[in-house]
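**Q** Pasting a structure here, questions to come.
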Amino acid sequence: MASSSWAFFKVFNPQIAPKSISHIGQSDLMQLTHKKQLPTFQRRGIAEDSLLPSSTTPIKPMHVETKHTRTMGDIFVQHSQKLELFRNVLRNAAELDALEGLNMIDAVQRLGIDYHFQREIDEILHKQMGIVSACDDLYEVALRFRLLRQHGYFVPEDVFNNFKDSKGTFKQVLGEDIKGLMSLYEASQLGTEGEDTLVEAEKFSGHLLKTSLSHLDRHRARIVGNTLRNPHRKSLASFMARNFFVTSQATNSWLNLLKEVAKTDFNMVRSVHQKEIVQISKWWKELGLVKELKFARDQPLKWYTWSMAGLTDPKLSEERVELTKPISFVYLIDDIFDVYGTLDDLILFTEAVNRWEITAIDHLPDYMKICFKALYDMTNEFSCKVYQKHGWNPLRSLKISWASLCNAFLVEAKWFASGQLPKSEEYLKNGIVSSGVNVGLVHMFFLLGQNITRKSVELLNETPAMISSSAAILRLWDDLGSAKDENQDGNDGSYVRCYLEEHEGCSIEEAREKTINMISDEWKKLNRELLSPNPFPATFTSASLNLARMIPLMYSYDGNQSLPSLKEYMKLMLYETVSM
């Protein structure tokens, strides 16, 4: 059995014990909890979050479904054999046909199972660097460009100059090549600041693809529409994989084999996630905060989805469980600042977090004492685990992250207590910190335990651009959701509202367009950071990217202020079994 499969086997076994969780149907995922009564100066859509499952919405355990009754050992042996078979097929195909190798890598990544084939992908893409511009096929050039950039190779944008006319614009004849246009559109999502050719490529391909929708057959129109809505760079592979299953047509044997591998993988991973939810629910229930702080959100399943989306390797089970704990406290403290705390009490709470001394809680109200004590204990326990496992005490960095978060929350509380909105730039600068992204990624870095050095920790403490760009994307996406109703209270504090206040005569549509463009700019900055040398391990940078990809699912509200995409993601990852 291959080493990666054996490690997976150890994570997957044993199965979730049915008696450890209540048995309910998957429809219970959609049950709604009651909305909380909020003050009129609500900052971000807290009430809307209550539309997601709470800790009282347990998961029903499911098992891998097969056509014949087989032991788990048999399933793993067969899975390992198919993995090894596909590795050989991938190596051989890439040697014989460079484009076929790229197609196979693309399929593996779209199915979200590339962690099984990292060595093979590394070797193939390294060889592909020598032929980046030795082709006149738009599909192949764009695919190679995208896969190489995704893998950290900086391929220049001028590889697309061959597809421009004498005026320097993309040739109109390319409009007949739908497959090539989709590949070009996908490649354009890897652009960085100042890359005008890729900006033009996105506009050119996007316009022609939208135009083509009216005359394509239903199947092809679905594929094109999905490309426009969910380009691979900005989408979670785990969420889009099922769509790839439906739309990809097996024209060769390797795709059928790969789908078989992916189906088994999906079911195994789902069982791992269910096991983790049991652990998180147990921790959250024993913590008891939901009983003591009745105003706060009770949604450990939602909080866990951040960990599940960010750390996709099944072997990182312990890390996902531990990461959910600080994420839970980000939401909890956010509720204290947004929903319940008076300004005077919030000042005292922030001072206590900055001092990080248990005696600092003496003058706090009881509910704040409970929260601070729980945060203090969780952080110290977290630090001990990291030190025991990786030999580095992260407590100083963790304290800095929590203090920065509370300081940013307090700045916002003072703004809204005064009834005055800040300038949009000032709001966003503070909002990047109050997003909580830095807290989550700092904890994640130490959990992973890779390349922890004085240099990397110092950079982490200063909030590197990789983190701030992801945080800006979250803040702006969140604010787009809270600004959907132009008749809402003007003190909600979204970037859109700050921008409207600052620019007299600007319409809400113009302000939203400005926000959308800023999100695009932050993606370009994030792309640049992921291509630039940095001291962070690949697992961490990949998780940072996945966090940015997760954001639209977390903040895309519908007309009922519900989150249909997030609910669908939870259902796919935690409930639905892929038929074997």
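Cβ coordinates are placed from backbone N, Cα and C, and glycine is handled just like the others.
According to Swiss-Prot, the record shows the following:
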TRANSIT   1-31  transit peptide
BINDING   ASP334, ASP338  Mg(2+) 2 binding site
BINDING   ASP334, ASP338  Mg(2+) 1 binding site
MOTIF     334-338  motif 'DDXXD motif'
BINDING   ASP478, SER482, GLU486  Mg(2+) 3 binding site
**Q** Do you know offhand how many angstrom separate ASP478 (Mg(2+) 3 binding site) and ASP338 (Mg(2+) 2 binding site) by C-alpha?
**A** 15
**Q** Across all chains shown, how many C-beta atoms besides its own are within 10 angstroms of the C-beta of ASP334 (Mg(2+) 2 binding site)?
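**A** A count of 21.
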**Q** At a 10 Å cut-off from the C-beta of ASP478 (Mg(2+) 3 binding site), count the other C-beta atoms across all protein chains.
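**A** For ASP478 (Mg(2+) 3 binding site), the 10 Å Cβ neighbour count is 20.
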**Q** So how many other Cβ atoms are close to ASP338 (Mg(2+) 2 binding site), meaning within 10 Å of its Cβ?
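**A** Taking every protein chain into account, the count is 21.
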**Q** Could you tell me how many residues in the motif 'DDXXD motif' (334-338) are helical, how many are strand and how many are coil under DSSP?
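**A** Breakdown, helix to coil: 5 helix, 0 strand, 0 coil.
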